[in-house]
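Trainee: Straight out of Swiss-Prot:
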ACT_SITE  Arg162  active site
ACT_SITE  Ser232  active site, proton donor
ACT_SITE  Glu328  active site
DOMAIN    16-186  domain 'FAD-binding PCMH-type'
Amino acid sequence: MSNQRSSLKHLNTFALPAYASNVISAGSVETLIAAWHESKAKRQPVLLLGEGSNVLFIKNFSGTVLLNRIMGITSTEDSAAWHLHVGAGENWHQLVCHSLQNNMPGLENLALIPGCVGSAPIQNIGAYGVELKQVCEYVDLLDMDKGTIQRISAEECQFGYRDSIFKHRYGNGFAIVSVGIKLMKSWTPTLGYGDLIHMDPLTVTATDIFNSVCTMRRSKLPDPMVTGNAGSFFKNPVVSAAIAEEIVHCYPNAPHYLQPDGSVKLAAGWLIDQCSLKGYQIGGAAVHQQQALVLINQSEATGQDVIHLARYIRQQVAQRFSIWLEPEVRFIADNGEVNAVEHLS
C-alpha cells in the first residue's frame, strides 16, 4: 500500500483504507479529457468518482482517480415546468435544497441522498416512492476518447431499478458532465412510504415532505462524517407475486410493494433483520444497529472485512428466504469496477 501515492480514505464515505497512483480534480470538460488521455498514454486505468458515496474499495486502485467537479445550476421555465441544467459535480442534496428555496417542488422525496448529481442517473437514485427517472429530462455525456458531448434523452437512459445505460453501454470511457431536471408546475405529493403516509395530500407542502424525509433518514441512517458507510448496501429484491405471497403468508407484517409489472418489491433491510443480524460484526465491519440495510465501518474496517460481512449476510438471507440479495454499492478493484454479485458468490 505505501508505495502508492494518493490515499482514497477521505474520498469514499466508507472511509476505507485504499490508495491510487494519482488523484485529479476536474472542474472542466477539458481537464477530464486531458487526464483521460494522459492515463491512456501511460496504460493506466481511470476511475471516475463523484463523492465516493456508493463505492467499496476492495483493493488499491492501480491508476488515476478522476474527481468530477463540474459545477453550476441554471434554470428556465415554461408554462408547464421548470427546467434545471445541473453540473455533474454539484451535491445532490444541495440541489434539492436549491429547488425548494426557489419554489420548484418535485425533488423533496429525494432529500439527503448522498453523492453528486452526476452519479444520480447511473444508479437511477430513488427514495420514498420517487426515482430520478421521473424528473430526469436528459443527461449530457462526454465521450472522453473523442472529446465529444452528446445529449441522452431520459428515454434513452434505459432507467431501471438502480440501473441505467450508464452502467453498461456508456460505462468506461464516458463521463456525465451535466443532468437536465424537469419539475412539473402541476405538483402532486408522493406519500406512499414511511411516515409520509400519515400526511394529508390536500394540505401537505413540498417543504413538509422534505422535512419529514430528512427526519426519517437521520433517524435511521448513520452520518458518514461520523461513521463510515455507503448508505443502503443491498438493493431491495424484486420477486414474483407468487414468492411474495408465500413470504407474506408466513410473515404477515413483511413490507412489500406491488410493482407496475405485477412483480413485488421486498425490503432488504427487513429480510436481514429477520436473520437477527443487526449489530453483527466481522473484523471492523458491522451491520448498523438501527438500519440493517446499512453496513458500517465500525472500527478501522478494510474492504475485505466488508466483503466477508456482505457475503455472510447474503448466505443467511438466502438460507432463510431463498432470496439472494444483490449489492447496490459498486465494488472497485485494482483495475476498476468488478461484478459485485460474482465477487460475493
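Using N, Cα and C of the backbone, Cβ positions are placed for all residues, glycine too.
These figures come from a predicted structure and were not determined experimentally.
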Trainee: Within the chain of Glu328 (active site), which residues six or more apart in sequence place their C-beta under 8 angstroms from its C-beta?
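Mentor: Correct list: Asn54, Gln123, Arg162, Gly231, Ser232, Phe233, Phe234, Lys235.
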Trainee: Tell me, how many other CB atoms lie within 10 A of the CB of Arg162 (active site), whichever protein chain they belong to?
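Mentor: A 10 Å sphere around the Cβ of Arg162 (active site) contains 19 other Cβ atoms.
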Trainee: Going by DSSP, give the three-state secondary structure for Ser232 (active site, proton donor).
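Mentor: Note: Ser232 (active site, proton donor) is in a strand by DSSP.
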Trainee: Have a look around Ser232 (active site, proton donor) and count the other CB atoms within 10 A of its CB, chains all included.
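Mentor: A count of 21.
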